Amino acid sequence: MSDNMNDIDIFNETDSILIKKTLVNGKIKDIFVSDTGIIEEISDKYSGEYGEPEFIIDGESTVASPGFSNTHTHSAMTLLRGYADDMHLQEWLSEKIWPLEAHLSAEDVYNGTMLASIEMIRSGTIAFNDMYFFMEEAARAVYDSGIKAVLCHGFIDFGNEEKREAEIKATEKLCEHIKSMNNPRIKAAVGPHAPYTVSKEGLLWCSAYSKENDIGIHIHLSETEQEVKDCIEQNNKRPSKVLDECGCLSKRTVAAHGCWLDDSECELLGKIGVFVAHNPVSNMKLAVNRAMPYQKLIDSGVNVTLGTDGCSSNNNLDILEEMKTAALLQKFFWNSDTVLPAHETLKMATSAGKKALGFGEGELKTGAEADIVLINTKTPCMTPLFNWESNIVYSANSNAVDTVICNGRVLMHDGFIPNEEEICKKASDSAYSLVKRYNDSL
Ligand SMILES: C[C@H]1O[C@@H](n2cnc3c(O)ncnc32)[C@H](O)[C@@H]1O
Ligand SMILES: [Zn+2]
């Protein structure tokens, strides 16, 4: 699908691009993207007003969609893909995942995040919300891969003061580091892991730090029934109330899961303007036993977004797969054929997701950052094309994703991502060496 260009040069950061004859909301359009990464023109035929494009992409037989956002993941957990499956969440975390993660190195996180980035790009993801460890290395991987991300250190103190001090230092160090990178594609957030792993003192520090630095909060909320029961037993209140009293709920908060929220919590989150990230594949795999109350959240004014969670509970980062699963799980669990239709599902992955991460509106329009996915309509899964939104949500798979543009820079074209083989090899080596280090320590 490329015209008059050399396939390597198209990955240059600073070139202007003309996408010719792609489908935008069902109509054939040209899209001109300037070398500053902004969509300057969407028209029936490019006017030439912004000069000659350095590159032309033949968009015929493609649908253009706003790029997708993955609003909850632990990207370097790509290294743990297939390491521990078919377990319940608490045993999975405490018996398998945390003991292995104790042996992670900074290099592992770089390699795992590089793998995650290209895996996400393959399904049209242009931004993600990440909570993990050694996050300066995640920032380096995000920089190198060209994707956008909000990064936080997974803050876990288990009520231990010494551990809390270490988590505070790690959070401050990451935020300072990201500030010094001064790159609009990479933002910092505060990452209190969950109300059941962070003390009240820790939650209070996180909320104060996020306010002082005007950055978001990324947290797990009400994923399992047990954590909600434990919270009520310990605090006589449900988790959302505990978080609210600690100042952790705001318009800058992304709360992942929300499977066991009750009506009053949905209303509280809606009133405050919290974003709730639905992670249907992970929820089903870890058998959390209840689907997020999507419709109640929407009716309460909550912005619901989509996430994959990490690769050890999913086990991939395919946002197209997540869209379909979300739409099906909601219908199945709540026994409603109309809940979460295709149009709303796509909005979760595009405009709602980008807003949650503070990266703009997530729409294809002039003046917007050029975060564009071109999906090949000449593939079996996109044929026929009665309804492009329905096809993206219900039938498309990653093989149909042809081109991904993030901030005006081409990250994948004709299904090709530079250095993919090398990135996979390094991540695989890291994964085996991590497991070896752990086994040797036993
Ligand atoms: C950052 C930490 O979070 C852990 N984690 C990964 N997936 C989940 C999940 O579904 N619920 C709670 N915690 C999770 C990850 O392994 C890190 O330790
Ligand atoms: Zn998670």
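All positions are counted from 1 along the displayed chain.
Just so it is clear, glycine is given a Cβ too, placed from its N, Cα and C backbone atoms.
Annotations in TrEMBL come from automatic prediction, not curation.
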| field | Site co-member for Zn(2+) according to TrEMBL, given H72, H74, H220, out of D299, D309, D318 | value | D309
| If you count Cβ atoms within 10 Å of the Cβ of H220 (Zn(2+) binding site), leaving out that atom itself, what do you get? | 26
| H72 (Zn(2+) binding site) CB neighbourhood, other CB atoms within 10 A | 29
| Around E223 (substrate binding site), how many other C-beta atoms are within 10 angstroms of its C-beta? | 25
| What binding-site residues in E101, H193, E223, D309 place CB under 6 Å from ligand 2? | D309
| request: Could you tell me which of these binding-site residues, H74, H193, has the fewest other Cβ atoms within 10 Å of its Cβ? | output: H193
| query | What are the other residues, in sequence order, whose C-beta lies within 8 angstroms of the center of the C-beta atoms of H72, H74, H220, D309 at the Zn(2+) site? | reply | T73, M131, A256, H257, A277, N279, S282, G307, G310, S313
